[in-house]
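Reading through the structure tokens given below for one structure.
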Amino acid sequence: MSSSTFRTLAVAVTLLHLTRLALSTCPAACHCPLEAPKCAPGVGLVRDGCGCCKVCAKQLNEDCSKTQPCDHTKGLECNFGASSTALKGICRAQSEGRPCEYNSRIYQNGESFQPNCKHQCTCIDGAVGCIPLCPQELSLPNLGCPNPRLVKVSGQCCEEWVCDEDSIKDSLDDQDDLLGLDASEVELTRNNELIAIGKGSSLKRLPVFGTEPRVLFNPLHAHGQKCIVQTTSWSQCSKSCGTGISTRVTNDNPECRLVKETRICEVRPCGQPVYSSLKKGKKCSKTKKSPEPVRFTYAGCSSVKKYRPKYCGSCVDGRCCTPLQTRTVKMRFRCEDGEMFSKNVMMIQSCKCNYNCPHPNEASFRLYSLFNDIHKFRD
């Protein structure tokens, strides 16, 4: 090889290396699209490595780079191999993550899969978590929909709600007679798609609502129509220990439409001692406060502030301790990539111990499985 040819190749290699380094650096000013990109089900939005724009997080075994980061909430990291100058890598699971077993199949930590057409699942450190691909099946139909039922749609996986249109008028007339509504209240019922409460009617007719409904005048409604605000009580926490979810249904919104609200809840930490703190002669430890301020965690992100939450204790006589009074706090969370979001979190004020246990007594079964629970752990 002649010296001129060698110099030409050396210059070409140098220029290529400089070009790659230039592409790997972050821009001086961020230029992002006005609307955030729409990601596939189960794929979250994260900020790129430069902290500029929101992008769809790369999943297991997908190509990644500084501008296309992996989904850290699923324990994924961009693996560039042994090369220190590589610009692209492959999303791999962190080494400490455990695989999952689901339907006699093994999935790697961070791997996403679709067991059926209605769910998208992900293996996260030995536990399988799924999100529904048919959210309309989980939402509540309008109360103005008589005899609602889910029906299969030809060529589609998800079922849809249908109403008996022919019986709408008869159904509303029956409600009017039952509740003794006047003409204005009948119109209110139709417009709000809620069963209105007439004057002097008994709240026992609506046992699902724990508090007395209130009337809201909303200027956003046509002609200043009234909205009878109704909200159910919060459901029990989905977990007896560790982080769970509590839900309720309300129409307290500008549209006066029934929606489901959720909040994060933790009745007690899973590692909380059961009997060590009991005084002599005592059989229950009702309410315990965290000995020091802690940060709440959710989906790999931590609360911005520290809190000293109260937890429910345990009993040795077969009773169970559950929250008696709670309040809901809107909490700010920060992720490793700088992303921030808010979530409603349950804060326990007091607990009670009784024999009316919603699940086996925590004294002997501190961990329990929900109906149709898909979590399966491996050592």
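Note: Cβ is positioned from N, Cα and C throughout, glycine not excepted.
Looking at Cys256, Cys265, Cys335, Cys351, the record from Swiss-Prot puts Cys301 in a disulfide bond with Cys335. For Cys53, the partner cysteine in a disulfide bond according to Swiss-Prot, taken from Cys32, Cys70, Cys78, is Cys32. Candidates Cys301, Cys312, Cys321, Cys351 (disulfide-bonded residues) were compared with Cys357 (disulfide bond); those inside 10 Å Cα-Cα are Cys321.
Distance noted between the C-alpha atoms of Cys91 (disulfide bond) and Cys78 (disulfide bond) is 5 Å. Within 10 Å of its Cβ, the residue among the disulfide-bonded residues Cys50, Cys70, Cys335, Cys353, Cys357 with the fewest other Cβ atoms is Cys50. For Cys321 (disulfide bond), the nearest of the disulfide-bonded residues by C-alpha distance turns out to be Cys351; the candidates were Cys53, Cys64, Cys351.
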